[in-house]
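Only one structure is covered here, and it is reproduced in the block below.
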Amino acid sequence: MTAAAQRVRGGNVAWMALPAFLMFLAFGVVPLLGVLALSFTTWNGIGEIVPSGTTSWRATLSDPGLPHALWVTFLIMALSWAVQTPMSILIGVFIAGRKRYREFLAVLFFIPLLLSSAAIAITYKSLLDPSFGLGSGLGIDALNQDWLGNATLAMATLIFIVSWQFIPFHSLIYQGAVRQIPTSMYEAAQIDGAGRWKQFWSITLPQLKYTIITSSTLMVVGSLTFFDLIYVLTAGGPGDATRALALLMYQQGFQANLMGPASAIAVILVLVGLVLSLVLRRLGGRADESQLEGA
Amino acid sequence: MNRRNFLGLGVGAGAAAALAACGSSGPSGGSSSGGSSGGGGAASYWSLSGPPGEPVRQAAIDRFNKANPDSKITPTFFQNDAYKQKIKTSLGANQGPTMIWGWGGGGLKEYVDSNLVEDLTGWLGENAAVKDKILASSFGAATVNGKIYALPVETVQPIVLFYNKKVFEKVGVQPPQSWGEIMALVPKFNAAKIAPFSLGGQSRWTNMMWLEFLLDRTAGSEVFDRVFAGEKDAWSDPAVLDMLTKIQDLVKANGFQKGFSSTTADSNADQALLYTGKAAMMLHGSWSYGIQVSNGGNFVKDGGLGWMNFPAVEGGKGDPSNTVGNPGQYLSISSKATAEAKDVAKKFFSTTLVDDDEKAGWVKSGGVPVLKNSESLFTGGDAQFLKDMAGIANGAKVFAQSWDQALSPTAAETLLDNIAKLFQLQVSPQQWVDSMNGVIGK
């Protein structure tokens with residue numbers, strides 16, 4: 001490393017982070033403190049903001065809607081993780097191969113990544129409509145289920161659409177990670193007589209450990225903030241079957257005009273997110289441990 | 001300055017610009033329409049976009065601006081749901097318009113409680129001629145604590161039972177005259193693979209219309225009056241349990257189309273079910289007529305659409321002439337506007353909004369105006385519908401305002417939430433009553 005490069009690494013790095021830090025301060029930290037302050041007030045969104053101590057917190061914590069929304073949130077988180085992770089790893093490993101047809105397929109896989117959540121939700125909602133959707137259009141009765149109007153089916157449909165939307169992104173991460181695994185490890189394994197299956201379990205998967213953690217963190221924390229997709233698809237319904245925390249917050253704040261309790265839910269949402277990402281980081285172990293044992 | 005520093009500055013400036021842009025979230029259409037800054041004889045007006053209302057609203061403002069060249073009104077139109085958010089945020093930030101369009105009732109009361117709108121009682125007293133031109137029944141939802149805070153404008157919109165005449169002919173049945181006949185029709189339509197009723201259940205207020213009519217027909221309007229007055233345990237009336245059970249019976253008998261709880265009214269999917277003949281009946285606001293005309297092809301022109309007031313319930317105490325809906329739309333004047341802007345608004349209220357062109361414009365759009373003596377204007381293809389709507393609105397012993405508009409937004413949200421769960425069979429009638437009693441007066 002040259003002396004100049006060393007200087008860039010040391011002194012100038014903090015200065016380069018300044019714009020990002022200022023943005024984070026203005027649009028992340030300041031609103032967060034504002035929400036924390038609002039959670040100790042009573043406000044209908046248009047009138048005066050009245051400090052009211054823990055009234056909003058007591059209302060929020062005693063609302064049976066809160067544990068239900070937490071349950072729905074964790075269910076969406078767990079199920080979408082369990083569906084997305086194996087699929088993404090498999091697709092990532094597949095498209096990491098340097099063959100022409102795989103690269104062509106990789107391009108196709110990424111199409112959902114180009115679409116906005118709202119567009120995806122509107123499209124699926126129309127396709128799944130029991131009266132005017134795909135099922136009645138093609139006359140296939142099996143497709144003519146009450147996809148978004150039945151509590152269990154609505155949750156399953158939601159997980160499917162979330163996975164459809166985000167698997168391409170995580171596959172992209174895994175593709176990059178697989179391509180970084182030194183080929184010498186596979187060559188050594190081949191000499192030792194390990195087959196493709198054995199190579200996948202003993203080399204690829206352990207080598208992807210940090211990628212799995214990164215991708216899982218993104219999935220888990222990301223699933224906390226699902227709003228647009230659920231709002232357009234089911235609006236939290238039927239009943240409250242898909243009302244996750246973010247939707248409960250919106251409902252309380254902008255439909256019931258209860259900004260205090262809505263802010264309290266927002267604080268809970270932030271805390272859950274922070275705890276989850278800390279736990280996932282811990283799971284990752286020390287960042288400087290070697291990954292090349294046995295190579 | 002080296003290149004890197006320069007780039008850093010650039011990003012910083014971008015952030016500052018983004019911050020500044022967030023500060024000015026004013027209207028997109030008007031130029032100087034901030035309520036607090038609309039001086040110099042200019043006033044701003046916010047309302048809903050889209051037909052059939054927007055062209056009539058725009059025409060009224062054009063008429064006023066032409067007649068009053070030195071006092072301009074600047075309109076801005078928003079989509080329904082966007083407007084509800086926008087008006088709340090801008091009023092909270094003192095950036096609201098001079099004239100605030102609304103639905104009256106609980107939403108208006110919230111503005112009154114925050115001192116955001118002018119008391120018009122005195123002004124209407126001095127201008128009795130203006131008040132006399134408007135249907136008296138429309139003033140109820142404009143009145144808070146005995147004082148009038150808004151001018152009823154535009155149209156009277158009762159909720160009626162629409163039906164597809166062709167489907168009734170095909171199945172060989174007659175429109176229902178009672179609740180018993182409704183329940184008897186349900187299996188007949190289901191057997192013919194036609195949904196008895198179309199319902200945009202995801203929108204929730206659509207489900208509420210069923211409760212409004214069933215409670216009124218079984219018990220009269222007094223039960224909800226007690227809820228509205230904030231009386232303790234007002235929902236604990238046997239008639240309420242009876243009404244809720246009837247609704248769940250209808251749901252269990254597959255009275256609504258498959259997937260009704262994921263159908264939205266905003267997309268007019270519920271309307272489409274009726275004119276495509278996939279559903280036989282639909283309980284909806286009178287504005288549906290305009291949608292059926294414009295989206296249904298020749299459906300209305302060929303006489304396919306029928307309508308009637310909601311039928312009686314056997315043994316019910318309610319007057320079958322009663323109706324529910326929007327007794328009008330409402331324009332308030334911002335208390336934060338300048339004196340000049342308020343004067344412009346009042347001039348608009350007392351001249352253009354009550355003139356004959358205004359009346360004719362709303363009739364032409366397919367609505368019954370809140371202005372008196374509009375019957376002579378009902379001509380052409382829509383005449384029968386308009387006559388019937390005026391008949392229902394004027395003949396109603398009680399024209400109740402929709403519950404979600406009458407109640408405060410907080411109580412309305414709990415109501416809609418519980419109604420959605422009721423239709424989902426997620427709560428029993430008794431559970432429904434218990435949770436609704438918990439928010440009375442809130």
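Glycine is treated like the rest: Cβ placed from N, Cα and C.
What TrEMBL records for A:70-280 is domain 'ABC transmembrane type-1'. Summarising the annotation, TrEMBL assigns transmembrane segment to A:12-38, A:69-97, A:104-127, A:147-167, A:210-234, A:254-280.
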Non-local residues, at least 6 beyond the ends, that sit with Cβ under 8 Å of the transmembrane segment (A:69-97): 103, 105-106, 109, 155, 158-160, 162-163, 166-167, 170-175, 177-179, 200, 204-205, 208, 212, 215-216, 219-220, 223-224, 226, 240-248, 265, 272
Beyond the flanks of the transmembrane segment (A:12-38) by 6 or more, those residues with Cβ under 8 Å of it: 49, 259-260, 263, 266-267, 270
Range from A:104-127, A:210-234, A:254-280 with the greatest count of C-beta pairs under 8 A to the transmembrane segment (A:147-167): A:210-234
Same-chain residues near the transmembrane segment (A:210-234), Cβ under 8 Å, at least 6 residues beyond its ends: 73, 76-77, 80-81, 84-85, 88-89, 116-118, 120-122, 124-125, 148, 154, 157-158, 161-162, 165-166, 170, 173-174, 177, 241-242, 244-247, 250, 269, 272-273, 276-277, 280-281, 283-284, 291
Distant-in-sequence neighbours of the transmembrane segment (A:254-280), which means Cβ under 8 A and at least six residues beyond its ends: 32, 35-36, 38-46, 52, 55-57, 59-61, 63, 66, 69-70, 73, 213, 216-217, 220-221, 224-225, 245-246, 248
